[in-house]
């Protein structure tokens, strides 16, 4: 009797797995039927990219969200813009699409409606990520001759990151360089409270928040890596710092830290893209530039900001003072919270620097620079997937 129950259980399990595979194959055919002439036909939204041979999911997000993320996000964006056409719905849609709290002099203040703007940009970035990966970077890497499916996915992911970090590093540099607190850490805390800002500064700050909120989602859309929890902690701390610095009127230090961190990020993403294209030697040289930029920006410049926060910030601001209607939101608990978040970020930086040192040692030993955080990009079911698609 027990053997018969075991056989029935095994049969039911096998049937369930077969049904899952059939669903994935049918959905894959619908999503990729337009590209049959390409040797690797699966688009980056194809469900087979997120499922192992035995039917196990390789990512944490629901399968339908991975497959239809572009369509879902574009539909939400279209609905928001359609609401602008309705006089009764327009007031509800405007905070998501446009900046709020414009002042008579052209500057912008702050308020609860500001929470809508970064939420909208989470949706925009999710759709933009899929579009730019699938219709810009994927055709490029295929035309380059790359046929390893995992390498194609990694190249497209890094291409999206490179594009974002490069654009917003230049934008952050422009805002930082044209300010009166450029290269002067003590001026980051002068003129407190920093309540009003230009439209460019406000858009930059809130869009950055939207990007980092979306990065938390991306962690669950991509295959988990070795440093998943470090990345998750980094994204949470980054979002908390952006929200607190914006809400408690410390805008300048937020601009400085975002600018500092974006520098090494776009160099790292660019180096990985070159590695996936086969430029091993150039990648090694670029890795040296990345290490130099990392040490300079995250261990030197960021440490200078930390020193001012710990030793001089309360004195520069004028002491602890809580007067919310007038924008003074700086008491001891808030100050301690900022210090804890900044030193948590510093701890993560040192953990990653330890990984960088390991890679640097391998490079000096004659090996190629490889990301110790990633899984093996060289092993893939390339042959079987190609045969299935022909």
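Count begins at 1; order follows the chain as displayed.
Using N, Cα and C of the backbone, Cβ positions are placed for all residues, glycine too.
Taken from Swiss-Prot, the feature N-linked glycosylation site covers 26.
Here the transmembrane segment (63-83) has long-range neighbours at 24, 27, 31, 45-47, 50-51, 57, 89-90, 92-93, 96-97, 120, 123-124, 126-127, 130-131, 134, 221, meaning same-chain residues at least 6 beyond its ends whose C-beta is under 8 angstroms from one of its own. Summarising the annotation, Swiss-Prot assigns transmembrane segment to 63-83 (among others).
For the transmembrane segment (117-137), the list of distant contacts is 43-45, 69-70, 73-74, 76-77, 80, 95-100, 155-157, 159-160, 163, 206-207, 209-211, 213-214, 217-218: same-chain residues at least six beyond its ends, Cβ to Cβ under 8 Å. Residues or ranges marked as transmembrane segment in Swiss-Prot: 117-137 (among others).
For 153-365, the entry in Swiss-Prot reads domain 'TLC'. Averaged across the domain 'TLC' (153-365), pLDDT in this predicted model comes to 92.
Per Swiss-Prot, the feature transmembrane segment maps to 155-175 (among others); the stated evidence is sequence analysis.
Tertiary proximity for the transmembrane segment (199-219) is limited to same-chain residues at least six positions away from its ends with a CB under 8 Å from its CB atoms, namely 61, 99, 102, 106-108, 114, 117-122, 124-126, 129, 164, 168, 171-172, 175, 228, 231-232, 235-236, 238-239, 242-243, 246, 251, 254-255, 258. Per Swiss-Prot, the feature transmembrane segment maps to 199-219 (among others).
If you look up Swiss-Prot, you'll see 231-251 (among others) marked as transmembrane segment.
According to Swiss-Prot, the feature transmembrane segment maps to 276-296 (among others). Proximity of distant same-chain residues to the transmembrane segment (276-296), defined by a Cβ-Cβ separation under 8 Å and at least 6 residues beyond the stretch ends, is recorded for 141, 144, 146, 151, 154-155, 158, 263-264, 267-268, 270, 353, 356, 359-360, 363, 368-369, 377.
Taken from Swiss-Prot, the feature transmembrane segment covers 336-356 (among others).
The annotation region 'Disordered' is assigned in Swiss-Prot to 367-390.
Positions annotated as phosphoserine by Swiss-Prot, on the basis of experimental evidence: 372 (among others).
The feature phosphoserine is assigned by Swiss-Prot to 374 (among others), with experimental evidence given as support.
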